[in-house]
Amino acid sequence: MANLGRIAKHPTISLLDSCTTLQEIKQIHTQLLINGHLNDPQLAGQFVATVALKHPNNLNHSHQLLNQIHSPTVFTLNSMIRAHSKGPTPHLAFHYYHQILHNNAYPDNYTFTFLVRACAHIASPTIGLAVHAAMIKHGLDSGAHVQTGLIQLYSELGFLDSSRRLFMQIEDPDMVLQTAMVSAAARSGDVDFARKLFDEMPCRDPIAWNAMIAGYTQCGRSREALHLFHLMQVDGVKVGEATMVSVLSACSHLGALEQGRWVHGYIERKRLEMTVTLGTALLDMYAKCGDVGKAMEVFWMMGEKNVYTWSTAIGALAMNGAGKECLELFSLMKQEGVHPNEVTFVSVLRGCTVVGLVEEGEKHFKSMTQVYNIEAKLEHFGCMVDLYGRAGRLDEAIEFINNMPMNPHTGAWGALLNACKIHGNAKLGELALRNITELEAKNDAAYVLLSNIYADHRNWDQVSNVRQVMKARGVSKVPGCSVIEVDGEVHEFIVGDKSHPRYREIEVKLTDMSRRLKLSGYVANTKPVLFDIDEEEKEDALCRHSEKVAIAFGLISVGEGVPIRIVKNLRVCGDCHDVTKVISRIYNREIIVRDRNRFHHFKDGECSCRGYW
């Protein structure tokens, strides 16, 4: 394909570039015809190839030009295969492959390199295997580009073992092949194997670094992603947009605001272009770290915004409890002529939920199909059940579930079960749990919620029964885990774990917290504790919940006037929620907690959830 550079030097063909319009292409075509240049099959093929590769949106016109050539060269047909392999119609690449065979010509390495790329887009194992077999038949399965493509193809198809076998058969893989295998393994979730290969590479290009960081981020190992990014900086590797998006995603997952701010500063120092993708990732990072003000500042400063940017901003407001502002931004989005998508409506419905606007939510839910022709998905139905349930309209919630056009999912039943916990309806909670466990037999959160409902009513026999059922079915409760970032370092606290180097200081602060809470008149909400034990033991058990330990660490580590930000893997329990409100008042501290459902902004003894948590 290196011939393309020489081809474009023809005075007329060289006029073609990516900005040339179709009308101008036709004018150039006319000049070539008038001057007789297209009588030369080689030159005619060169013209077709240039149009196809520089104007992928005009592939139909390229095809019409190709039909005027009596015997197109393999180079010309390869160009058409290449153009289609990158475009929206990859299956058409095989039409030109068959044309090569029909012309009694021989495909080359480039033919199969582009066909493999087309297979990856089609994601058909049958076609992929057929192409690999054809490579072997023609003796073209040993080229570096072809092998790289095959490794990527089998990974895309979900056959990582096949990718590994291919890689292991290569005696001396070059950096491109090593990078391809690292990328394939990381993308498939086998990050440990990917990291082993990565560490063994004598030289690593930015693609390999990006693949490893993205792999760690996608499988939830965000701390390792950030550590690898630090090593990338130490090695002086050039950082681009792809790396920044992955790193921001890792910061979002951990709630690591300080590191996210550093990344933002790095983007500005390195003058990286603030593309829509990068800007949206930055906005999402600030939102998921609880700094909704900075998130919206990034949003308003972005020159270009697409529907994902708007949806992320709307979601940022919803998850941080600003339901009315969320709906106002949605109205502005529509005024700007941006067509909402299904993600937008999930955020809009959540915005209605956090402020209890049931009728407003019903209106937006109906408008999805009636106005925007967007089919409601399971997540939208789950949001509606949550909206009815949190507002205490449990009869409407169950009626809505019963009238769903598809089988209700765990999200809908889970929302109902949570509403039963809020409003103390054990009977309906039992129904919700039965349906959840039919779909997910080991959903520990559902069992715990129902157990808490019984505990609220001090029905210890039923609490014990739930625990016995969990044990019999092999269901174990996921331990609570809370994460807090201090001075750029992420600290993790797991319930019952005392291994933190400053735990003695934390114990002292926990004792001080308990003393000051009692002096303030706070009485621990011990109802959710699953054991029928005395009150003092229950209070001690509650005191050791991971977010309380994280708050204690925050109080001794985070400077005055700086919000304490915590990320928890489970829902915040009732006692921790109430305690944090009081702590925010008696210590005069702003505390922001992100649990697996939403944000809670605690300040001056109040919470942003307004009772809808």
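Cβ coordinates come from backbone N, Cα and C, glycine included.
Residues annotated as domain 'DYW' in TrEMBL: 521-613. Confidence across the domain 'DYW' (521-613), taken as the mean pLDDT and rounded to a whole number, stands at 78.
Residues annotated as repeat 'PPR' in TrEMBL: 205-239 (among others).
The annotation repeat 'PPR' is assigned in TrEMBL to 306-340 (among others).
Secondary structure of the repeat 'PPR' (205-239) per DSSP, as helix, strand and coil residue counts: 26 helix, 0 strand, 9 coil. Residue counts for the repeat 'PPR' (306-340) by DSSP state, with H, G and I taken as helix and E and B as strand, are 26 helix, 0 strand, 9 coil.
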